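Step one of this worksheet: look at the structure below.
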Amino acid sequence: MFDGLKDKLSSFREDAAEEVEEKAAEAEAEAEADERAEAESEDAGAVAETEADTAPAEPDESGAIEEEPDDDDGPTASRFTRAKAFATGKVIIEEEDLQEPLRDLEFALLGSDVEMTVAEEILDTVREKMLGEARAQIETTDQLVTEALHDALLEVISVGQFDFEERIAAADKPVTVVFTGVNGVGKTTTIAKLSEWLEDRGYSSVLANGDTYRAGANEQIGEHADALGRKLIAHDKGGDPAAVIYDGVEYADANDIDVVLGDTAGRLHTSNDLMAQLEKIDRVVEPDLTLFVDESVAGQDAVRRATEFNDAAEIDGVVLSKADADSSGGAAISIAYVTGKPVLFLGTGQEYDDLVQFDPEALVDELLGEE
Ligand SMILES: Nc1nc2c(ncn2[C@@H]2O[C@H](COP(=O)(O)OP(=O)(O)OP(=O)(O)O)[C@@H](O)[C@H]2O)c(=O)[nH]1
């Protein structure tokens with residue numbers, strides 16, 4: 001999962017650390033050269049003094065003795081500051097050290113289908129966290145780069161994050177969860193997986209097929225219900241999806257079922273009649289949560305669709321299916337930052353237990369982990 005992105009981040013870390021180390025070594029060499037030059041000029045000055053008894057340096061008007069050599073014939077202020085820091089066991093990171101690595105990071109992120117504004121935010125945070133940073137020479141630069149990247153990724157990935165299980169636990173029962181998204185992205189499979197995920201945590205669920213549009217939809221979700229031993233509420237093709245999910249809620253109420261999982265027909269946000277159906281479901285059933293399902297592999301297309309769905313019929317969270325087939329991870333990195341709605345689950349295969357609760361910290365650790 002997300003192996004391409006992981007490799008790219010790993011190369012960025014190596015290159016950035018190397019570049020910063022190189023600049024630090026240059027600063028060290030310069031510091032040594034400056035020290036030597038200073039010592040030599042002091043020697044020469046001592047000789048000259050004995051020969052011509054010249055006056056010692058006077059404090060300037062403010063009373064301070066000028067410490068930093070001027071730009072024309074000495075090291076630049078930044079070189080001087082760096083050299084001074086180096087002499088006290090520190091390495092200072094400067095804008096120019098980061099230019100190339102950050103450009104590489106930008107390519108890596110965009111190449112992994114990370115949305116532009118998200119990539120920019122990550123770059124800004126890394127730059128901000130590293131610039132002017134003085135680290136002890138004994139710390140590795142790689143550590144510093146990794147920490148900056150960790151914070152930058154976590155910041156964008158964890159936007160709006162909440163604990164789904166806590167939400168289910170705290171809500172009045174039955175909890176109604178409705179799933180939306182375009183065709184064929186894995187909504188129905190996700191519902192079956194989530195039903196199993198809930199069962200594993202002690203919550204019962206009923207499936208309600210609000211996809212009254214597609215021929216064969218009842219049979220498809222029915223197979224999952226049979227395999228899992230769950231009750232399915234379904235109406236004939238062409239029926240009212242809001243009525244099906246409403247019946248699901250009634251059934252759950254009457255039978256002490258904790259969660260109603262409502263499927264809906266795959267649709268484009270531009271299909272007005274289908275979007276009107278979602279509004280009606282919202283009105284009639286008042287779902288506790290509306291989850292948008294899309295394929296992780298769809299990258300920025302998934303981000304765009306999530307935004308469009310959220311605008312048309314507000315979503316509460318996102319499930320990214322087929323993360324097992326996704327090497328780039330662009331959607332997982334970008335979607336929460338762009339939509340303000342968190343990724344709650346990743347689909348990681350075709351089996352019922354291939355559903356993983358999304359944990360931003362764990363994902364960042366995984367992305368930055370050793371191969
Ligand atoms: N590899 C992989 N395949 C998945 C995952 N989730 C779903 N699929 C597969 O994706 C295909 C489509 O899944 P469905 O659940 O039928 O998709 P849907 O969105 O309900 O489709 P419509 O009802 O046509 O809108 C199926 O073959 C699933 O087995 C996943 O996490 N990983």
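From the backbone N, Cα and C atoms, a Cβ is placed for every residue, glycine too.
TrEMBL labels come from automatic prediction, so no person has curated them.
Summarising the annotation, TrEMBL assigns compositional bias 'Basic and acidic residues' to 1-15.
Here TrEMBL flags 1-78 as region 'Disordered'.
Sorting each residue of the compositional bias 'Acidic residues' (16-33) by its DSSP state yields 18 helix, 0 strand, 0 coil. Here TrEMBL flags 16-33 (among others) as compositional bias 'Acidic residues'.
The compositional bias 'Low complexity' annotation in TrEMBL covers 44-57.
Per TrEMBL, compositional bias 'Acidic residues' is recorded for 58-74 (among others).
Positions annotated as GTP binding site by TrEMBL: 181-188, 263-267, 321-324. Sequence-distant neighbours of Lys187 (GTP binding site) (same chain, six or more apart, CB under 8 Å from its CB) are Phe179, Thr180, Gly181, Asp263, Thr264, Gly266, Val293, listed in sequence order. Under the three-state DSSP scheme, Lys187 (GTP binding site) falls in the helix class.
Mean pLDDT of the predicted structure over the domain 'SRP54-type proteins GTP-binding' (342-355): 98. Summarising the annotation, TrEMBL assigns domain 'SRP54-type proteins GTP-binding' to 342-355.
Checking the binding-site residues Lys187, Thr264, Arg267 against ligand 1, the ones with a C-beta less than 6 Å from an atom of that molecule are Lys187. Residue density at Gly181 (GTP binding site): 26 other Cβ atoms are found within 10 A of its Cβ, drawing on all protein chains shown.
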